[in-house]
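Student: Okay, handing you the structure first.
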């Protein structure tokens, strides 16, 4: 495993955050708990929105899709991570590693683009409330979501195909939780200038432009809220954006800790920051969106009461 060039039939070793059996047991139960909470939380959000006609609005349509993306995102990485923590064989096939990388890259991009579309939805709702129904028509919502999927799929394909051109030499031991872009590029012994250049260029398009759009949208939202004469009106308007702002801050804060640094300085200590955006953020999103949302509280209550009723009958 440790010598020669990497062939496409070879394997990587996902060693994780620790090789200590005691720490691996702790990590196993911690990640299993977080995975179950994430799956249950996001599944409840999707079921509550789909089952309650009062939540069939653009904001909740995009929220349901964000929850679906988060479900897919954690399922791409955590189950394999749990198997590795319990097994002596920590190998992952070359094809499996690239598959994991593709979905990881695509779903992070999709999360980001959906958050940008949700910011636009809040901008229209607060700054142009009289035109909201026509501006955020079902057709436009589906078109925006479709574009998010197309761009994220292309983004993932570009980087995965470029990774197939990379040659790996020496140790294929990955002291990381999953196959991640920077980790694999650090293991490469071939020229990765093209990969790095494309990563920066596409990253600006997929992440920085939507971030700039969200900042501009919220600047206009804040200006519109400040013009509302009553304190109650200001609070009501801001409360509709608070959850989205919290999720955006958590998403970009954790993502920035990992990727806003040169590739040369990237080290295995950044695995903690990776856990934040890959595991903690999807787990926290359902709590953030349902914490002070009365509509979501009501929908979840009706959903759970309905499940309890069917069990009794």
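Using the three backbone atoms N, Cα and C, a Cβ is placed for every residue, glycine included.
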Student: Per TrEMBL, which of 140-162, 163-185 is transmembrane segment?
Tutor: 140-162
Student: Determine which residues of the chain contact the transmembrane segment (240-260) at the Cβ level, with the cut-off under 8 Å and only residues 6 or more beyond its ends counted.
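Tutor: Contacts of the transmembrane segment (240-260) (Cβ under 8 Å, skipping residues fewer than 6 from its ends): 59, 108, 111-112, 115, 118-119, 122, 125-126, 182, 203, 207, 211, 214, 218, 221, 270, 273-274, 276-277, 280-281, 284-285, 288-289, 291-293.
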Student: So what pLDDT does the domain 'G-protein coupled receptors family 1 profile' (41-289) average out to?
Tutor: 87
